[in-house]
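In what follows, a structure is listed as structure tokens, so that the remarks can point back to it.
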Amino acid sequence: MALSKNRLVVSCPTEEQNLIKELVALSTTEQIRKIRELPVSFEEKKHVRLVEKIFLKICHWSVFPLYLNFIQKCNRDVYLCVLLCCLLLLQLIRRFGYSIKSVSQSLQLWRGIMKEIGGKFGSSVLNYFVLLKWLLLFNIFSFLVNFGFITIPLLVSDLSPNVSPNVSFRGLELLTGAGYFNYTVMYYGSYSNETFRGLVDYDMQLAYFFTISVYMVLCGLVLIFSMASSFKKNYALADAASNSAWQLLCSWDFSITNEKAVNQRKNNLRIQLKESLSEKAHRERQTTSEQLKQYGIYFGSWLLSTGLAVGCGASVFYLCQYEDEVRKSTYCCRNPEAETLLVPFVVSLMNMVIPLFFSLFNKFEQYSSQRKQIYALLFRNVLLRISILGVLCYYWMNTVPQKFTCWEPMVGQALYRLVIVDFIFLMLGSLFGEFLSNVIGTKIQPRLGVPEFDVARNVLEIIYAQTLAWIGIYFSPLLPVIQILKFFILFYLKKVSLTHNCQPPRRSGRAAQMKTIFIFLLFIPFFAGALSIVAYTAWSLTPSEHCGPFRGLNNTFSVIGEWIDDVNKLSSTQWVVWIYQNVIRSEIFYFLITLIILVLIYIFWQLIQGRKELIVLLRKQIVNEGKDKSFLLEKLQNLQKSSEHISIVPRQGMLRGRQSPMRW
């Protein structure tokens, strides 16, 4: 007998399996205590501890019998070495994964700058730069898709652009987008409608249509999921009744690390608490006449702001008509390309000046909360930009196709000019507007102080710029190149201006909820509007007859019908034809989809209502539990007092009994 009885107990597969099962189920402290209590030698205890550690990392109960068979067939030193090698291999793999993750994080765009901005200015300002980076990635993806599936096949088939010998590059095209650029792959008109023959037949019409469609659908899905997750996290799970408690206990921005920013944040929080308490007391003391006066101010401000927005839209429409008359006139200017910059210049000037009047209205309105003030300012700026873009799109979709035989490049040039001039105004606003405000607030009128970084206005500016790119994706497939350069330069420009000229907002709302609002504005008015314009162009408007990939078709969507006719000739692809005829072109299919969506919305709405009622009941139950606890504590205290009183009386009797014999 080489092994002792205790050694055989541990070495037996059944006993060891049971022992390992018991140890794995225990905590670390209990495992150590259990191993110490084993009636074996110290060497055996070390062996059990080592096997248990290795088993936790590399084994599973399903492979445990195989592991025991391996123990029985091999020497202990051999299988321990194998297990240790496996453990080291797993550690190397884990470390390699960590290193890959750290490298990927270090390669993230502007990661260090984002941390610096968040540490000095807080999450509300950081949201602007996060959204700017997000939109930059949208445009990078758009450029890669368009250039890879639309531009490269055309360049491979025809490397030389069809430029007229009388046209040369003069430099003004960088501002106007006309002239030499009109003959390049920048615009819709330069793309062919041919099918390139090679190893694989490449239809430019289908490539153009599906590339634009897939990109817009993917953008919509990303925005929907982002908006839904942000809304669920920041609104659906938030308590609307805990605003004051949130402001007092949970509004501290832990991303701030700069000492000056920390002190400023403390002061701002103190001011916000004082203002919220004073506003609440003022509302309680406000009389009916004062309330009517306040409502009158609200009505007048909204009437003026709506009138300004509508007036700007009407003036842009008449300005476009004036530009057409000047173009037709015999007394045209010497440089007609430069005159095309009039409309984008006026539009960008309106987008910069009119919001200043909206901010002035907010000072007179005196909203009861900062959130209402921000929402009012956002809605007015959105109304202004939507009215201007709506008028421009109406002009492009109805007037331009009637005046030009190749009208899509003309719309692309108009959008190019809007993007370029808007970028110039953004740079001027950052370099001179914020800089001059800082000089006036620190040198001339110190009472004004350092200007704040207006997050809402800056966010709307980049949302408006992205909307122009979404509308122009059909008319100018390479317009995202301009947007990439624009957002890349704008990021560093805003970062420098923020660091040297601005301070964080004194009264900032919940940064996470403001981010949800920004994503919502990016999707509902702007992306939905851009998608509607592109869909209307593809579905209803007749393409140009002499340029573009869809020349000769009744509408852009007709390319799908022609493709289905070609597919119908092949017997192996009849299922595609059936899906197109019975699903995509079927009104019943869309009716059923709409009905299913409405039913699901109603079911989820009922679930939400039920959970709200359950939350109300649980809150009442918590209140009742608190009352029960206070009642039980009161009863317990009374019982303790009575028991103390009862215990005192027998003690006194016992003392008297002990003293009486002594007297006798």
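Each Cβ is built from the backbone N, Cα and C atoms, and glycine gets one as well.
TrEMBL annotations:
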{"type": "DOMAIN", "residues": "406-512", "note": "domain 'TMC'"}
{"type": "TRANSMEM", "residues": "134-155", "note": "transmembrane segment"}
{"type": "TRANSMEM", "residues": "167-185", "note": "transmembrane segment"}
{"type": "TRANSMEM", "residues": "206-228", "note": "transmembrane segment"}
{"type": "TRANSMEM", "residues": "295-320", "note": "transmembrane segment"}
{"type": "TRANSMEM", "residues": "341-361", "note": "transmembrane segment"}
{"type": "TRANSMEM", "residues": "373-397", "note": "transmembrane segment"}
{"type": "TRANSMEM", "residues": "418-440", "note": "transmembrane segment"}
{"type": "TRANSMEM", "residues": "468-493", "note": "transmembrane segment"}
{"type": "TRANSMEM", "residues": "514-539", "note": "transmembrane segment"}
{"type": "TRANSMEM", "residues": "588-608", "note": "transmembrane segment"}
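Across 167-185, 206-228, 295-320, 341-361, the stretch most heavily in contact with the transmembrane segment (418-440), judged by Cβ pairs under 8 Å, is 341-361. In terms of DSSP helix, strand and coil, the domain 'TMC' (406-512) has 80 helix, 2 strand, 25 coil. Residues 138, 141-142, 145-146, 149-150, 153, 191, 470, 473-474, 477, 516, 519-520, 522-523, 527, 531, 534, 538, 549-550, 556-557, 559-560, 563 of the same chain sit 6 or more residues outside the transmembrane segment (206-228) yet have a Cβ under 8 Å from a Cβ within it. Beyond the transmembrane segment (295-320), the same-chain residues lying 6 or more positions past its ends with a Cβ under 8 Å from any Cβ of the stretch are 342-343, 346-347, 350, 354, 357-358, 361, 364-366, 380, 383-384, 387-388, 390-392, 394-395, 399. Predicted-model confidence for the domain 'TMC' (406-512) is 86, expressed as mean pLDDT.
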